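What follows is a set of notes on a single structure, which appears directly below.
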Amino acid sequence: MSGRLPFEEQLLSGQLRPSAEEREYIAGVARRLLDAINASGKATGMVVGSIARNTWVKGDRDLDVFLLFSPEMPREALETEGLALARSIARAFTPMFHEKYAEHPYINANVEGIDVDLVPCYNVASAEHIQSAVDRTPFHTRYITDKINGLTDDVLLLKQFAKAGGIYGSDQMTEGFSGYLCELLVLHYGGFAPLLAAAAEWRPPVIIDIGKHAAKKFDEPLVVIDPVDPRRNVAAAVSLDRMAEFVELARGYRDAPSEEFFRIRKEYPCCPADLAALLASRGTSLYAVTFATPPFIEEIVVPQLKRSTGAISDLLDRSGFAVHHAHYRMGPGRCMLLFELIIDELPPIRRHEGPPVWNRVNAEKFREKYRTSPLPGPFIENGRYVTEVPREFTRAGDLISSPAILSVGTGRHVRESLGKDWCVLEGADCWQEEFSGFIATFFSRRSPLVRIERDRPGRE
């Protein structure tokens, strides 16, 4: 494509475009899976996703195969019979498969080194008749395949750009840009470079309606109306922060384009000694809450982790323990909620404000309740009663270790896991090998562009 930077062409030919051999290998596996599905006589097989649309980055061996059933089949039957067929297909190719759950269950399998999802759905005539969220995916594939000609390389550049910036993926942890969203943005703006030129000037809300057929209003900062379903915002998962990071990256790349914008950076773990030294230099206190990961998919657990972290932070703040930063991580076996506090010890007394004196009924109740207290008060200040009361928790660790954290809005599945088994760690003892990368990034927060600028040779 004319106008493309030389290093962009080198990236495409060397790192991003799948080789002919890789394409044929995956196509062969896909053909055999489709033949097995079609031979069952129960469903029709269809390859969807980036592999079907020819927009997959070299090395991303994720194959999405849909099992299309008659729309006359009851929903319950689709879940049971669809899962049974997907399981039998997987079993014919590999012993390495297991059930996963989204809106309804599907099978994930490793077939000859390829990560395969076997997903039952309805074979509906149009997107207007979808009965479940996955039913629209075949229409996405057809739409992009029909229109992406000449822009495939631009999609590959955008996907790698977003991956390197840490904003690729619509999962709950990332809250970023899905592959389908990347494809639609390239289509709408006509290429990678025109997209970045436009994104550098974005100011939310940004509304893109490719089909000019939006069927409702949306509140998200970035709105991209699905051209096959006017009721859906393809960018609904994109958080305000991820959108801002994309804008920042677009500006940075246009100002000083380089390969650094496409280089994926590793998450470097810290060691216990590093953590101890870091905490000593910062003068803050660190607490971790760990517990068994609830047996549900990320889309269910992660929002509850986010809610739980916020609720416990609010509890700490209300109790006088100022939270400087808090975050969460879902691991395969355990979860961690991490809290950095400005202060973690307080005096045994605290100030307690009562009602205004002229609120007679409540004022007299307050005075009567506290008048025999050995602590100062009640006294009048600015027209209302004030007294001193004993502080329930003088140490943040005692509060976090108490049943009080089960009474805040943690989310049902997280609360159940906490109720069975939770562990509170303090200071350098918060270090856990499985969370060492998470802990390191917790203390090295920087925007994507700042990370790139700091990594450039010669930059201080």
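Glycine too: its Cβ is placed from the backbone N, Cα and C atoms.
The model shown is predicted, which means the values in this text are computed figures rather than measured ones.
Going by Swiss-Prot, these are the annotated features:
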- Ser50, Arg53, His140, Lys159, Tyr168: ATP binding site (BINDING)
- Ser50, Arg53, His140, Lys159, Tyr168: CTP binding site (BINDING)
- Asp62, Asp64, Asp117: Mg(2+) binding site (BINDING)
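Apart from Asp62, Asp64, Asp117, the residues listed for Mg(2+), the same chain places the Cβ atoms of Val48, Gly49, Ile51, Leu63, Val65, Asp115, Val116, Val119 within 8 Å of the centroid of those Cβ atoms. The secondary structure of Asp62 (Mg(2+) binding site), as reduced to three states from DSSP, is extended strand. With respect to Lys159 (ATP binding site), the closest of these binding-site residues in Cα terms is Asp62, chosen from Asp62, Asp64, Asp117. Arg53 (ATP binding site) sits 13 Å from Asp62 (Mg(2+) binding site), counting Cα to Cα. On the backbone, the CA of Tyr168 (ATP binding site) and the CA of Asp62 (Mg(2+) binding site) stand 15 Å apart. Cβ neighbour density within 10 Å is lowest for Asp62 among the binding-site residues Asp62, Asp64, Asp117. Using CA atoms as reference points, the binding-site residues Asp62, Asp64, Asp117 were checked against His140 (ATP binding site), and the closest is Asp64. In this structure, the C-alpha atom of Asp64 (Mg(2+) binding site) lies 8 angstrom from that of Ser50 (ATP binding site). In this structure, the C-alpha atom of Asp117 (Mg(2+) binding site) lies 13 angstrom from that of Ser50 (ATP binding site). Across the residues annotated as binding CTP (Ser50, Arg53, His140, Lys159, Tyr168), the widest Cα-Cα separation comes to 18 Å.
Geometry remark: Asp62 (Mg(2+) binding site) versus Ser50 (ATP binding site), CA distance 8 Å.
Secondary structure at His140 (ATP binding site), taken from DSSP and collapsed to helix, strand or coil, is helix.
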